[in-house]
Amino acid sequence: MEPFTHNDGNRDELIIQQKRDIEKEISDTTPLVSEQLPLTCLYAEYSGDEIFTAKIQDLSKKYKFIRRTRPDGNCFFRAFAYSYLEYLISNTSAYQEFKKLAEESKEKLVQLGFPSFTLEDFHETFMEVIQRVSPDNAGGHSTVQDELHKIFNEQGYSDYVVVYLRLITSGKLQEEADFYQNFIEGDLTIEAFRHLEVEPMYKESDHIHIIALCTALGAGVRVEYLDRGEGGTVKAHDFPEGSEPRIYLIYRPGHYDILYPN
């Protein structure tokens, strides 16, 4: 093995700085959650690519709009939260059920061993966000929808929601550790996986995150996979299997955005 040199250190610093510059450019130019956009905007991203063009065409038979999320590793949790709250704005009884579940979630996490002082601020902010998008709030649906969009583009609120959903996901993995251990490749324990891949911000999500969160909150999600797979059609997967989806997401390698059915 060649000895470490000063140049190696400089190169590492340069790589780290380049990564920071890219992250800053993304945060400066990309909103946390975009406005609704026509699904056809995807064509421009894959111009000249026959496989993706055919799949976007297939997708457009089922969906009319897309809402982008910032590609920062938190996209699944942010997209999930925005889309589910958007659904709840129009469904008062489902909203009340979710609000009750959210209120009780902190105590459940404490019983699972999460320190109460760690949860306090995140849970408080989570409940504030839920209250601010209540279907009963003054101004009607469009006013509440505007409030939801405003909240999710305020970094503090938006990130606190993501953190709390990560904690709920981690709690579900701990609660049903024997079941979820089957989804983890390699020698990682559930505890190590939770601390390394679930609780930290900016860590990307996989099927295990989706299943755990959907199960914890009783919310069905349909994910449409836009990839290079054969067939010319987009494959969909419902989480949990057999559930009725309330949230529709599109997955492209490493990233989730929100979809709106026709």
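The backbone N, Cα and C atoms fix where each Cβ goes, glycine too.
Other Cβ atoms within 10 Å of the Cβ of ASP72 (active site) number 18 in total over all chains. DSSP assigns ASP72 (active site) to coil in the three-state reduction, placing it in neither a helix nor a strand. Per Swiss-Prot, active site is recorded for ASP72 (among others).
Its Cβ placed at the centre, CYS75 (active site, nucleophile) has 24 other Cβ atoms within 10 Å. Residues or ranges marked as active site, nucleophile in Swiss-Prot (evidence: similarity to another entry): CYS75.
Counting only same-chain residues at least 6 apart in sequence, those with a Cβ under 8 Å from the Cβ of HIS255 (active site) are THR69, PRO71, CYS75. What Swiss-Prot records for HIS255 (among others) is active site, and it gives similarity to another entry as the kind of evidence.
Under DSSP, ILE168 (substrate binding site) is assigned to a helix (H, G or I) in the three-state scheme. What Swiss-Prot lists as substrate binding site is ILE168.
Feature annotation from Swiss-Prot assigns domain 'OTU' to 64-262.
If you draw a 10 Å sphere around the CB of ILE168 (substrate binding site), it holds 25 other CB atoms from the protein chains shown. ILE168 (substrate binding site) sits 20 Å from ASP72 (active site), taking the C-alpha atoms as the reference points. Across the residues of the domain 'OTU' (64-262), the predicted structure has a mean pLDDT of 97.
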